[in-house]
Amino acid sequence: MDFELNETQLAVVDGINKICADFPDSYWLEKDNKHEFPHDFAQAVCDGGYFGIMMPEEYGGAGLGYTEAALMMQAIAESGACMAGCTSIHVNIFMPGAIRKHASPEQKERWISRLMTLQDRAAFCVTEPGAGIDTTHITTRAEWNAERQRYLISGQKVWISVAQQANKIMVLARTTPLEKTSRPADGLSLFYTDLDRDYVDVQLIDKMGRHAVDSNAVFFDGLPVRKEDLIGEEGRGLEYLFSSLNAERILAAAECVGMGRAALRRASDYARERVVFDRPIGKNQAIQHPLAANWCQLEAANLMMLKAAWLYDNGKSCGVEANAAKWLAAEAGFDACQQAIMTHGGMGYAKEYHVERYLRELQILRIGPIPPPLMLSFIAERQLGMPKSY
Ligand SMILES: Cc1cc2nc3c(=O)[nH]c(=O)nc-3n(C[C@H](O)[C@H](O)[C@H](O)COP(=O)(O)OP(=O)(O)OC[C@H]3O[C@@H](n4cnc5c(N)ncnc54)[C@H](O)[C@@H]3O)c2cc1C
């Protein structure tokens, strides 16, 4: 068993760390305060060639695996960029997973290099207010209009990241009504198309954190979509999405560990420097022990994340491990951020010490892309043999 990162993996982390060094905590605090999208950061990562980390070499990508991609996102989160940094580039890098696996060669030719070079910026539109995590019950529909030779998409999505910036969307919509399918998961189709604001209204959601990257309610009113923009076969969209869910959980786990480590680094620095009762607060075991426990939890979660990534990259089943990694990492990261605030005392509540921002951003990955009860239900069912509970 080899726990060392290989040369390529070390080079990815090193290269990303060098880029992130130009975007310190003060940059992210300012972006958060001003609600400004971090365009220069996204451009720097793109210019470094990292948008193609997992794209096939024939399309100009590096052809690496999810292990390398997860290490890259972890390094970004760990730099203090947190979810603002990660989600400013997420969709362009990872959404093509569905494109890479299920799009036609003509579509790949049309789409991949524009995403990798940031000529296109994409938003990922799945969640709906009426369906929640039960994606089979989405009601956004795409109806084929024979006269116009277009699908017309109508409906509503919610919580869609970067839709203020995007000119492209990947959208899941019903092409066959639920009552006419033999299984609820059938009859949903996946499209990658232009975000034409004549037919799509994007409304900003005021939220708790990650103010640098917008979240939106998105309303579709007959968006016309060419057949050429349907990914794979009509009716199999959910199957295509589900095929990348484990990868999404692995990335989320890596990012949670990164944010937790950033919080722990700040907490340990503060504990060494802050003197109260004539001694550094870090000399007290009541300060040391919770932080040491945070470290243990984060590193254990990281090992599970790396195991899940290794299984995924080697074509092995990894559903249980990917869910376990995401659950462990989100809880460990949250605990570390919370403990970092407590270690700072009153200063933990001040924005200039950054740990409150880390906590606000980590909370996103406790909620999504899948919340804790559903991951635990999955593990109970698949690993422990209990009946399906949802
Ligand atoms: C900042 C942010 C960015 C996001 N970006 C995107 C994006 O770009 N694109 C996109 O499509 N979505 C996005 N999302 C949506 C996110 O993926 C969802 O919020 C998440 O999947 C949870 O769905 P929901 O909010 O509808 O919760 P609901 O489904 O309404 O669930 C509410 C609560 O009930 C619990 N629950 C539900 N069913 C059960 C059950 N059977 N047993 C126990 N508990 C249950 C859930 O765990 C949850 O805690 C984003 C969300 C946030 C907050």
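Yeah, the Cβs are placed from backbone N, Cα and C, and that goes for glycine too.
According to TrEMBL, the domain 'Acyl-CoA dehydrogenase/oxidase N-terminal' annotation covers 7-117.
When pLDDT is averaged over the domain 'Acyl-CoA oxidase/dehydrogenase middle' (123-221), the result is 97. Positions annotated as domain 'Acyl-CoA oxidase/dehydrogenase middle' by TrEMBL: 123-221.
What TrEMBL records for 235-368 is domain 'Acyl-CoA dehydrogenase/oxidase C-terminal'.
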Residue counts (helix, strand, coil, in that order) that DSSP gives for the domain 'Acyl-CoA dehydrogenase/oxidase C-terminal' (235-368): 113 helix, 5 strand, 16 coil
